[in-house]
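What TrEMBL records for this protein:
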BINDING   Gly320, Glu370, Pro371, Gly372, Arg373, Tyr468  pyridoxal 5'-phosphate binding site
BINDING   Arg373, Arg409, Tyr413, Glu440, Tyr468  substrate binding site
DOMAIN    111-466  domain 'Orn/DAP/Arg decarboxylase 2 C-terminal'
DOMAIN    117-376  domain 'Orn/DAP/Arg decarboxylase 2 N-terminal'
MOD_RES   Lys141  N6-(pyridoxal phosphate)lysine
REGION    1-47  region 'Disordered'
Amino acid sequence: MLLGEAAPRPHRYVQPALARRPARWERGASGPQSGHSGMPPGPARIAEPAIPMRLGEAQPRPHRYVQPALARRPARGYRPRMHGFAYRHGSLHCEDVNLQTLADEHGTPLYVYSANTIRDHYRRLDQALGSIDHEVAYAVKANSNLSVLKLLVAEHAGFDIVSGGELFRVIKAGGDPAKCTFAGVGKTRAEIEYALQQGIYSFNVESEEELRYLNEVAADLGVIAPAAVRVNPNVDAKTHKYISTGKSENKFGVDFDAIPDLYARAAKELAHVKLRGLQMHIGSQLTSIDPFIEAVEKVAPLATHLKVTHGIEFWSIGGGIGIVYHDSLDSGGSGWWEGKPEGERPLTIAQYGEALFPRLEHLGLKILLEPGRLIVGNAGVLLTKCLFEKRGKAKTFKVVDAGMNDLIRPALYEGHHEIAPLKQPTGETRKVDVVGPICESGDFFCQDRELPDFQPGETVALLSAGAYGFVMASNYNTRPLPAEILVDGDTARVVRKRQTLDDLIAGES
Ligand SMILES: Cc1ncc(COP(=O)(O)O)c(C=O)c1O
């Protein structure tokens with residue numbers, strides 16, 4: 001029995017919620033909110049417009065590559081945005097909801113996500129590969145909140161998971177295990193058994209040892225495990241060293257040159273494994289198309305060879321598309337993208353599709369994408385309140401109520417998050433460090449940054465915090481995990497409650 005047979009791709013359908021009137025944040029804007037992005041009011045010429053979300057009719061798949069979003073110009077009055085966060089009437093909003101209202105009602109630190117930004121990113125990426133047989137398998141590790149997963153289930157996304165826990169979440173969100181690929185260098189027996197029982201699409205294995213172990217567990221259960229090996233193409237992703245994964249010195253994948261032999265040995269010796277595909281992922285937060293092109297061009301002949309010799313049916317080219325962190329707020333308006341000179345414009349979804357489509361189109365393989373950050377990164381913010389301003393001899397510190405336990409990216413990767421007061425700033429700026437309350441010198445959100453001079457009692461947003469934010473949060477210093485809110489148009493819902501003091505000691509004695 002072959003577990004995890006590919007589910008037939010469902011027909012695209014009209015998402016009922018999309019037949020609604022556009023939310024105010026999607027419509028033509030005038031007044032204060034159009035000022036921030038520097039865009040003129042009314043319809044704008046745009047570099048890469050978001051999909052007009054109010055239409056929502058089924059998208060016919062074009063035969064040849066056309067930039068799908070451009071094929072449908074937004075209707076008059078519709079003002080596309082790249083994400084749902086902008087100042088409106090002097091206050092920072094998520095879609096149609098005032099963030100200060102949420103902070104007052106639910107307290108801080110508080111994660112807030114924009115549902116329409118998530119849908120829009122998913123759809124634009126799904127359309128970027130045009131007529132190629134493909135699936136966007138959202139990398140659950142980026143943000144695994146059940147309601148985020150449910151949004152993507154409704155879009156018919158696949159899921160890239162890295163643990164039994166993530167598979168459990170996907171199933172709880174209504175996702176189909178047959179659309180799940182299971183990555184990671186160290187899966188346990190319990191995780192493999194669970195995933196086999198659930199019938200996942202493929203185990204993406206990272207070593208010969210792991211492939212043999214998968215074969216052993218599948219034999220014990222009397223089943224055949226569908227698998228793909230992750231090839232390490234030895235391509236420099238030119239990203240932070242902690243999130244670069246496609247070089248020979250990284251722990252990920254099997255050397256490019258060793259792959260054909262491994263597939264040949266596995267076909268002969270591993271009766272309980274069916275090699276169904278090939279996988280790669282060269283790194284995260286890539287802001288140039290070049291490493292993607294280099295990797296795809298290098299690995300495409302190998303994928304073709306494995307298709308001919310072993311009948312593989314899919315090639316996962318991984319995730320890794322980067323997002324804008326430094327100008328996060330301004331990049332929500334398409335005018336920001338237009339204003340960037342060619343060469344300085346960060347990688348766009350359309351550019352990704354245009355570059356890769358002709359290199360993948362002729363292979364006759366199903367192409368999987370595994371984006372995480374791109375889908376949710378700019379769809380989330382972390383709200384935090386300023387507690388004190390501490391003026392030291394050398395520096396001024398703004399002490400806020402969020403810490404590195406709530407958002408660890410600055411401490412872990414020197415990650416940059418733009419900091420924006422919820423009240424639209426008009427006056428002075430000051431060079432400050434914004435720091436949390438944790439007993440670590442690494443507990444800061446910025447150092448020596450010129451920022452609007454927000455005061456104790458005011459709330460600020462740490463932008464682009466939707467990916468690798470809450471999922472990496474911990475109870476360090478015995479601090480409760482923050483609440484999470486999902487905004488959809490003018491509706492805001494608590495999608496995870498703030499932890500209580502009792503939650504903090506649950507299960508202990
Ligand atoms: C195998 C694999 N696929 C996909 C991703 C998602 O990457 P990103 O969030 O940069 O798209 C990762 C991230 O670490 C990964 O390891």
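Any Cβ shown, glycine's included, is placed from N, Cα and C.
Proximity of the binding-site residues Gly320, Pro371, Gly372, Tyr468 to ligand 1, judged by a Cβ distance under 6 angstroms to any of its atoms, singles out Gly320, Pro371, Gly372 in sequence order. Between the CA atoms of Glu370 (pyridoxal 5'-phosphate binding site) and Tyr413 (substrate binding site) there is a gap of 21 Å, rounded to the nearest whole number. Neighbours of the pyridoxal 5'-phosphate site: apart from Gly320, Glu370, Pro371, Gly372, Arg373, Tyr468, residues of the same chain with C-beta atoms within 8 angstroms of the site's C-beta centroid are Ala139, Lys141, Ala142, Ser284, Gly319, Ile321, Leu374, Ile375, Gly377, Ala467. Arg373 (pyridoxal 5'-phosphate binding site) sits 9 Å from Lys141 (N6-(pyridoxal phosphate)lysine), taking the Cα positions as reference. Listed recorded positions near Gly372 (pyridoxal 5'-phosphate binding site): Lys141 (candidates Lys141, Arg409, Glu440; Cα-Cα distance within 10 Å). For Gly372 (pyridoxal 5'-phosphate binding site), the Cβ neighbour count at a 10 Å cut-off comes to 24, with all displayed protein chains included. Mean pLDDT of the predicted structure over the domain 'Orn/DAP/Arg decarboxylase 2 N-terminal' (117-376): 94.
Close to Tyr468 (pyridoxal 5'-phosphate binding site) in the fold, though at least 6 residues off in sequence, lie Lys141, Ala142, Asn143, Gly372, Arg373, Gly377, Arg409, each with a CB less than 8 Å from its CB. The Cβ of Pro371 (pyridoxal 5'-phosphate binding site) has His121, Leu125, Val136, Tyr138, Ala139, Gly319, Gly320, Ile321 as same-chain neighbours under 8 Å, each 6 or more residues away in sequence. Reduced to three states, the DSSP call for Gly320 (pyridoxal 5'-phosphate binding site) is coil.
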